[in-house]
Every structure is written in C-alpha cells, then in structure tokens.
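Residues or ranges marked as Mn(2+) 1 binding site in Swiss-Prot (evidence: similarity to another entry): Asp62, Gly63. As annotated by Swiss-Prot, Mn(2+) 2 binding site applies to Asp62, Asp234, Asp284. The compositional bias 'Acidic residues' annotation in Swiss-Prot covers 357-366, 437-450. Look at Swiss-Prot and you will find 23-293 tagged as domain 'PPM-type phosphatase', backed by sequence analysis. Taken from Swiss-Prot, the feature phosphoserine covers Ser324, Ser332, and the record attributes it to a large-scale study or a structure entry. What Swiss-Prot lists as region 'Disordered' is 354-383, 427-468.
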Amino acid sequence: MGQILSNPIIDKEHHSGTDCLTAFGLCAMQGWRMSMEDAHIVEPNLLAESDEEHLAFYGIFDGHGGSSVAEFCGSKMISILKKQESFKSGMLEQCLIDTFLATDVELLKDEKLKDDHSGCTATVILVSQLKKLLICANSGDSRTVLSTGGNSKAMSFDHKPTLLSEKSRIVAADGFVEMDRVNGNLALSRAIGDFEFKSNTKLGPHEQVVTCVPDIICHNLNYDEDEFVILACDGIWDCLTSQECVDLVHYGISQGNMTLSDISSRIVDVCCSPTTEGSGIGCDNMSISIVALLKENESESQWFERMRSKNYNIQTSFVQRRKSIFDFHDFSDDDNEVFAITTKKLQDRLNRSKDNDDMEIDDLDTELGSSATPSKLSGEDRTGPIDLFSLEALLEAGIQIRQRPSSDSDGNTSYFHGASLSDMLASLSNAAAGETEPNDADDNDDNDGEENGKNENAKKGSKIEEIE
C-alpha cells in the first residue's frame, strides 16, 4: 500500500468552469499518502473563439514513483497536442495517440526529467462540438465513464498486466508478470514515463514491456441521453464501481443545492478511508472531474434542471455508500459524523483544545484563473527553533495549499497540482527526529524507471470505435 500519514491531508483543490459546450467540477485531495502525485487538465476550449470547431479537453494523470511525469503531462500535454500534424488536420483520434507518444519523447528530451524514475497513467477526453463526438484515450488504470440515460458506459478499460492481451505483449518483449505486476513491480501495463520498461531498442513503442500507446474509444453524442463524463484516478475506482459513481453524481444533482465541484468533493469524502485499518482502499490520492455535456445554447443551470427533470430513482446516498465501502468501521449513528475524517475542524481531529498551535482550515472553491493564498497559523508569528509538536500538528491535520494556475511558455493555464509543503514538513520532522528518508515510496502502481535511449515515434495504437 505504500507509506501513509498518521492523519490524512484533507485540503482539497477545487476547480470549476463552464462555456457553451461543457461545464466541469473537479476535486483533488492528497489524503493518507505521503505526497500528492496526481495531476489534471481542465480546458473547456482548446481553440480560438473565432474557430468553427469547439474542442474541450480534460485529463487525469495518476503518478507513481513520484509526481514529476504526472506534473509534466498536466502542464505540457495541451501544447504537445496542438503541435501534432494530425491535430491540425482534424484527425482527432490519431492526434491523441500521437500526443501520448510525443509526450514520452518530450520527457526524454527534458534534461531534468530524462533520468526521472516516475511514470503516470493518463485518461483524457476530447469533446467535439462540430462532430458531436466524445473521444477517450487511456493508458493505465485511471478510468473514464459516460453517464447515458442514467447508466454507466465505459469509455476506457483498465490496463492490468493480467489481461491476456497485455500479458502477451509483456512476455513477447521479454518481460514477465509476477504477483499481478509487470516484472513483479508495476501494477499496470501501460503508462507515460516508466522508461525502465521501454528500453528494448529493437522494439517499437507499442511493443515495449510497458507502452504509453492509448486505447481509443469513440462515442457519437446524443444529448437527450448522454449526460456527463467522469474522469478519475484509481483512488476513486478502488472504492466505487462505474455505476455507483454515476449514481452518486445523479444523487448529488437531485439534492438541488450542489454544484459539480460540490459533488466531486463529496465523492472524494465518500472514498477517503476513515482509518488506515482494513484492506488499504481509500488511502490513495484522489482526483475526480465531472464534465457536464451541454446542449446547444444550454447553460449549466439549465443542464442541472434538465438532469433533475429525469427523476431517476437513485437507491443510494453519499452516507449509505460510504458506510457500505468501509463496513469494517464503526461509524457513528449521527450522519454528520460519517465524514468526520475529511470535514472535522483541526482542533477536533487532533483532540486538542483551541490554542495558538491550532491551524485554521478552510476549503474554498476556486474558479479557473482565480488566485488563492495559503492558510496561516493562528496566533503570533513564531520564530526560533523548530517546534516538532507544531510540525506534527501540521502534518497530522493537513495543510491548506492554494496556488495560482501554473502557466507555461505556451500560455497554457489549465493545469493545477498540489504544492509540496507537506513533503517539506515531513522531511524536516523526520530529520529532526533522526529518521532516515523513506526508501520505499511505492504506490499501488509504484516502480522505478530509467531513461530509454530511443523511443520511435510510431503511429500504431489500439482503437475501439463504436458504430452507432
């Protein structure tokens, strides 16, 4: 399961936005893990407003062995996509394959990242207004699900080493599957990065032990039936089936007072383990994006009204689902206490009286492009030697991290990721306590990778296309 904290970091990134094609609400939380290794993209329109076409692009990237590759994907993938000739030619399916391959190539060109040992999953969607088309590209075990008529439809499938098609490629490339892991190490069979598993110079990118080449699934949009898309990392899918997640979104919509950001946040609450006991599910980083599919000239509020008018009979609630997932835990009869681990005030979570060592936590929803500031310690500013008790309090309670959207040289400001303040504090605390740096940062998908000397820019990829 990897190393975990004594208390989860519960401060959440919230992002939301809308235009004429889609609306979205995203929530990401570090949770029980020692660091945040997820990243994401939310871009309602890739093109200029004057263009005839309108393309929305969303993505979730779940890192393992570190956050570097996931962060690179989040900050660079849009600019990489726009440079592809297939994108300029309107070949949307091929451009996603080309983009994944080119991202691996660009990683190897980066002096700071070419020797990095991390990798990440990638599940992304393009929504085309002109073609009325939803396209999903997926590598790894993050997942994309479409809600259509209240039912879940898989827009991706998890790439696990035990799948016959994946195992055949692994073995043909002189790899092996042991304990359901690639070479006994990596728990997924496709990923961006992870160059240790892509070092066979005699094979193309699509033939390597681990490949970044995505599967492509296309869906012709019917706006009377197709409602929203969910993209999430395995921290969510380890706890919920696709249908259960769709049902929870519909349940949130039916409440009448929840935004998409609110619903995504509550789903994270549902999936965060109340304790580190049990099987380990609910102790991972969590990221989820809910993308509403808007009809022509439909506003987000009108979309909500249309969804509620469908009157689905949802036989679940956030509380019921949480209790079902963690049935080993003795929850309070008070439903307000069911989500205590992610909602309780700091002083309650630490079981301490209010004093100057407490830290006020808020959880504001920030729109795209808005600025935010870190939470501050209450009381007077502190100087002098490190107060280990205060550090432990910060680590156990979580730290509110706020950032402006990052911007790269291409002007892409759609990518956000958590700051590393918690990592710094953990390092300071361990150093002061005489502890050594953890030597095993493994994830459910952890592995180390090495630079691959060559990565051919092949155009091959699996494709599953629905014929409607």
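The backbone N, Cα and C atoms fix where each Cβ goes, glycine too.
A quick note: this is a predicted structure, and the numbers were derived from the prediction, not measured.
Ranking the recorded positions Gly63, Ser324, Ser332 by other CB atoms within 10 A of the CB puts Ser332 at the bottom. According to DSSP, Gly63 (Mn(2+) 1 binding site) sits within a strand segment. Its Cβ placed at the centre, Asp284 (Mn(2+) 2 binding site) has 30 other Cβ atoms within 10 Å. In the structure shown, across all protein chains, Asp62 is the one of the binding-site residues Asp62, Asp234 with the greatest number of other Cβ atoms within 10 Å. Secondary structure at Ser324 (phosphoserine), taken from DSSP and collapsed to helix, strand or coil, is helix. Separating the Cα atoms of Asp284 (Mn(2+) 2 binding site) and Asp62 (Mn(2+) 1 binding site) is a whole-number distance of 10 Å.
Among the binding-site residues listed (Asp62, Gly63, Asp234), Asp234 has its Cα nearest to the Cα of Ser332 (phosphoserine).
In the three-state DSSP scheme, Asp284 (Mn(2+) 2 binding site) falls into the coil class.
Counting in whole angstrom, Ser324 (phosphoserine) lies 28 from Gly63 (Mn(2+) 1 binding site) by their C-alpha atoms.
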